[in-house]
Amino acid sequence: MKTSILILAAGLGTRIKSQKPKVLQELCQKSMILHILKKAFALSDDVSVVLSHQKERVEKEILEYFPKTQILEQDLQNYPGTAGALSGFEPKNERVLILCGDMPLVEQTSLEALLSNNAKLNLAVFKARDPKSYGRVVIKNDSVEKIVEFKDANTQEKEINTCNAGVYVIDSRLLKELLPLIDNNNAAKEYYLTDIVKLAKEKDVMIKAVFVDEDEFMGINDKFELSIAENFMQEKIKKYWMQQGVIFHLPQSTFIGADVEFVGECEVYENVRIEGKSKIINSIIKSSSVIENSIVENSDVGPLAHLRPNCELKNTHIGNFVECKNAKLNTVKAGHLSYLGDCEIDSGTNIGCGTITCNYDGVKKHKTIIGKNVFVGSDTQFIAPVKIEDEVIIAAGSTVSVNVEKGALFINRAEHKMIKDYYYKKFQK
């Protein structure tokens, strides 16, 4: 049975206390709404998102990554509440999966389990450790009797710890029939989607409660809950990669972005941060190193190294206090304390301590190209644009501002001067 998916993301999110809309808050470098959309499009090609607060800003991000998403706008003034969000929604398929925009931890497998039940109305519920302000779910004889919003619950109902996860699967025809019957006769004067359960019961519709994991279906309302959710997501990411064969030393100290990929046998030491769409292939990343949007293949990086965006390393050693940016290094050794930016360095080349590619002239960035089997002495500066051909020796302390031909020795030093007995003349008068 085909499914249409609707994601509710129109709320103000005032408790998040941010100028950025709640659904654009990031976990593991990806906004909440993008995490949910990735799972939604894995299940259906008919996905809609309901927006209102900062609609243009949220819509721009959604369509950048998921251009096939249908965007709807909720009239919060006239139709507030979760049921009001469905006004104007026209599903293309036989049933509808309704999700919340602040649930980035939900797994695709859990949604598939929810969809595997063929009841006309399925409701995701969980046993809450601390029910707090969740809506309470009353279940009798394996069927949901009603959902009571916390604001409207009596003392007895507040004792119930079976709570509404806010995720529904409903027959499209049933939704179309019941939605116009929902009213706003409640304390908040809102149109509650939860009322659809009461209306379905009045029509003797079987409502199936599907129990799910509380942590996975947690909604995020403030920055504290955001941090909890990110911790859960980090644990999932690292557990997955460890099951694929990656070794993490002290994994709790390491940050791995949601889009990072590991291939083959990799080893990651403590306090490492790997971001963006980085790809690590058969490599070792040592302590306290940072890698941003870079590819590392058959190499070792660190400790205390920094690969800024667009680096490509192959068969290369990057040591401590080396920073690279937009650098392509193939079979290179850069052991310590260097900046290699906007450069290409070929096989067999050794970069001495204190080497700098001076790539910026105050207006534009320029490139340094270094060939094969080049020996670069310590404390060398390359004034880009500059090209060093194969099998060159650059003497320590040189400033290279011209191209160097193959096989040459390049030396550029100020003439030394030594004044005899100067110390005694200055201090022992």
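Even glycines carry a Cβ here, placed using N, Cα and C.
The region 'Pyrophosphorylase' annotation in Swiss-Prot covers 1-223.
When other Cβ atoms within 10 Å of the Cβ of Ala10 (UDP-N-acetyl-alpha-D-glucosamine binding site) are tallied across all protein chains shown, the result is 26. Residues or ranges marked as UDP-N-acetyl-alpha-D-glucosamine binding site by Swiss-Prot: 8-11, Lys22, 81-82, Gly135, Glu149, Asn164, Asn221, Arg308, Lys325, Tyr339, Asn350.
For Asp102, Asn221, the entry in Swiss-Prot reads Mg(2+) binding site, with the evidence type sequence analysis. Secondary structure at Asn221 (UDP-N-acetyl-alpha-D-glucosamine binding site), taken from DSSP and collapsed to helix, strand or coil, is coil.
Per-residue pLDDT, averaged along the region 'Linker' (224-244), amounts to 97 for this model. The annotation region 'Linker' is assigned in Swiss-Prot to 224-244 on the grounds of sequence analysis.
The region 'N-acetyltransferase' annotation in Swiss-Prot covers 245-429, and the record cites sequence analysis as its basis.
Residues or ranges marked as active site, proton acceptor by Swiss-Prot on the basis of sequence analysis: His336. DSSP assigns His336 (active site, proton acceptor) to a strand.
Feature annotation from Swiss-Prot assigns acetyl-CoA binding site to Asn359, Tyr360, Ser378, Ala396, Arg413. In the three-state DSSP assignment, the secondary structure recorded for Arg413 (acetyl-CoA binding site) is coil.
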So, three-state DSSP: helix, strand or coil for Lys22 (UDP-N-acetyl-alpha-D-glucosamine binding site)?
helix
Roughly how many Å separate the Cα of Asn350 (UDP-N-acetyl-alpha-D-glucosamine binding site) from that of Ser378 (acetyl-CoA binding site), to the nearest whole number?
10
For the recorded positions Lys22, Lys325, His336, Arg413, which one has its C-beta crowded by the most other C-beta atoms within 10 angstroms?
Lys22
Distance in Å spanning the most remote Cα pair of Asn359, Tyr360, Ser378, Ala396, Arg413, given for acetyl-CoA:
22
Using Cβ-Cβ distances, find the residues under 8 Å from Ser378 (acetyl-CoA binding site) that belong to the same chain and are at least 6 apart in sequence, listing them in sequence order.
Gly352, Cys353, Gly354, Thr355, Ala396, Gly397
